[in-house]
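In what follows, a single structure is set out as structure tokens and then discussed.
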Number of protein chains: 2
Amino acid sequence: MMARTLGTQAIPPTPRNEANDPTSLVARFGADQPLHLDCGVALSPLTIAYQTYGALNADKSNAVLICHALTGDQHVANVNPVTGKNGWWETMIGPGKPIDTDRFFVICSNVLASCLGTTGPASLLVDGGAPYALDFPVVTVRDMVRAQAMLVDHLGIDTLFCVAGGSMGGMQVLQWAASYPERVFCAMPIATAAKHSAQNIAFHEVGRQAIMADPDWRGGRYLAEGVRPEKGLAVARMAAHITYLSEPALHRKFGRKLQDRAAPTFSFDADFEIESYLRYQGRSFVERFDANSYLYLTRAMDYFDLAADYDGKLAGAFRGARTRFCVVSFTSDWLFPTSDSRAVVHALNASGASVSFVEIETDKGHDAFLLDVPELFATTKGFIDSAARARGLVEAARG
Amino acid sequence: MMARTLGTQAIPPTPRNEANDPTSLVARFGADQPLHLDCGVALSPLTIAYQTYGALNADKSNAVLICHALTGDQHVANVNPVTGKNGWWETMIGPGKPIDTDRFFVICSNVLASCLGTTGPASLLVDGGAPYALDFPVVTVRDMVRAQAMLVDHLGIDTLFCVAGGSMGGMQVLQWAASYPERVFCAMPIATAAKHSAQNIAFHEVGRQAIMADPDWRGGRYLAEGVRPEKGLAVARMAAHITYLSEPALHRKFGRKLQDRAAPTFSFDADFEIESYLRYQGRSFVERFDANSYLYLTRAMDYFDLAADYDGKLAGAFRGARTRFCVVSFTSDWLFPTSDSRAVVHALNASGASVSFVEIETDKGHDAFLLDVPELFATTKGFIDSAARARGLVEAARG
């Protein structure tokens, strides 16, 4: 019967805080530089873990900030030192890639409240003390962007050439354009929305309830008590993972194929390939992610409603912006469907912004922004190159 | 912090087996009448709990079998004695309703492996002993239909005038038409499919893993040990419930409305109405349903692939059938989308069957088959009345 439950292998109950990733750069902000959060708390101290690629030019006009998604990290274009896997957007970012590190200085930081180097609920409240757990303040997407702005200041950069990202990363892109319009020359929100839908809040709530239902969650204090809510977090990941794929992609990859056998077992073992795939997704996720961070980051996405800060009028968020926008959606993305992107585009048009909108035909679902989708690369390269010319950034000669 | 977890109220750990519902009729089949299951087991004894409405006519030609969905029950048109709620299809069935109990003898039985009167994993393996738990054999939709056929025999009925049902009930309708074509005059599969999709298997697997991850599941032996996996079952129900609704319906009902307050709480309380609604759905479900039954019934749906019994050719399932079919789907049903119904219709056409197909425009999602959808009632009445005339059933005079 043991095979019927998840997470039976031993996983060390190590907090995934800043100590775990010696390869990332870190910016530390002390008591003199608190981060003022939407909830009213002044958070201090604050550590931001980040990676950079390429070189900043003399007038500091070639910086590109990449914003990662819910469970992403700063290792956008280098091998992740914890998982050993390639950077999560190596297809997009690197020498000669659509976002060309021979031309641009690319920055990616781990978001506030995550668990991969930046301060979050697994960080220690006091040196040598217990982790924050639920004493960590609830943060918003705007708070994440405020922290990124502190990092950009710290790097001595005034205006970012580009801010780009997908999903929760796209929410940060929109928030950057709204909060700091004069600091963003061009912006690329991909597979995202200006507000989280009721259905998406519902899926997040299921994931949170799965975590909190795990007795090893211990009211959030699991790290101090030497355990981890592995099973609950795995169930949360499994539910979320379904929403990242499209039904056609699932059908193409798995269909009703049985796992290593010719006939059903008439049991609750993983008969179907999709079952063992999901169980694997759940298991591998708990090895790299902190359950409380999952609660905080899903909550931040739920709270995201950019128009709410502008009397409910989304166009107000972009009023007077001179940022150039390229909005991208995918036909089979049902988590952030094209209608969400279209609402953003309408608001941008209403505010007089420069915007192009590309809906890419693919059956890969929401995850398409992370996958090998040539039309996404071509769209990105075209947009970036055109904006770079407008910005006066000369293309590097290639031999 | 207690408000952050589910199922904190005390729920008596009472098995929901046949003892709980004294109002239903029961048919008992002893050792001389075992139910031969697809897994090879001969199940005995077998109790089937059912309800009937209206009167069987002299030549026993006016019987309508209603097949219920995953968590449904036999109380299709009477107040449920356990929950106190109206019958689940009272809008459809009753005097003067589309399926008119003044004309038809309506039967609805609790499916095999459920927990509301019919034998299932919560039933006692031996009188006075422990419940079956996971010693209950894994059953299929075909096994459910075999059990229903035993009940129909028991009632002395040869040919059913109609078999109708939605979702898992629709799977049973299709299986009836395939297994006993000569015993079904007309059939109405609603919001269903001839096979369960990879995405649907995935959602079921998440629910099962949530149940099995609950330490109170106890390897399935929770009833014998006086506990119940309430939190895991609630999470399973919450995840499933999202799939029963459409995104537009969720948006219309809940949107991003906050629960009894003007501003977010910056916490993990149920800030949004959709969150408290889902938590309520989870809590109320565990009061009426058995977790192991949920495992068995979802498994039966996953295994359902009618074409597999006919060399992968769905038309083979209906070859030579003289049953009249009315297939119904709903535009906003993403659990059993219209494409699933269209595949059934194509196979019926290929097999030369008589079939009409109605796709009903609604934003109510999969649950539309249970809701007040006038076009569904009109479609059902038209189909039933037409088939009754063909069957020579004279309409009762109404005064």
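Including glycine, each Cβ sits where the backbone N, Cα and C put it.
Where the annotation comes from TrEMBL, it is an automatic prediction and has not been curated.
Taken verbatim from TrEMBL:
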type: ACT_SITE; residues: B:Ser167; note: active site, nucleophile
type: ACT_SITE; residues: B:Asp333; note: active site
type: ACT_SITE; residues: B:His366; note: active site
type: BINDING; residues: B:Arg237, B:Asp367; note: substrate binding site
type: DOMAIN; residues: B:62-371; note: domain 'AB hydrolase-1'
type: REGION; residues: B:1-22; note: region 'Disordered'
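Structure with TrEMBL features highlighted.
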| residue | record | Cβ within 10 Å |
| --- | --- | --- |
| B:Ser167 | active site, nucleophile | 27 |
| B:Arg237 | substrate binding site | 23 |
| B:Asp333 | active site | 29 |
| B:His366 | active site | 23 |
| B:Asp367 | substrate binding site | 23 |
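Using CA atoms as reference points, the recorded positions B:Ser167, B:Arg237, B:Asp333 were checked against B:His366 (active site), and the closest is B:Asp333.
Annotation note: B:His366 (active site) sits in a helical segment as assigned by DSSP. It is 18 Å from the Cα atom of B:Arg237 (substrate binding site) to that of B:Asp333 (active site). Across the structure, the residue listed as 'active site, nucleophile' and B:Asp367 (substrate binding site) place their CA atoms 9 angstrom apart. Comparing B:Asp333 (active site) with B:Asp367 (substrate binding site), their Cα atoms are 8 Å apart once rounded. Mapped onto three states, the DSSP output places B:Ser167 (active site, nucleophile) in coil.
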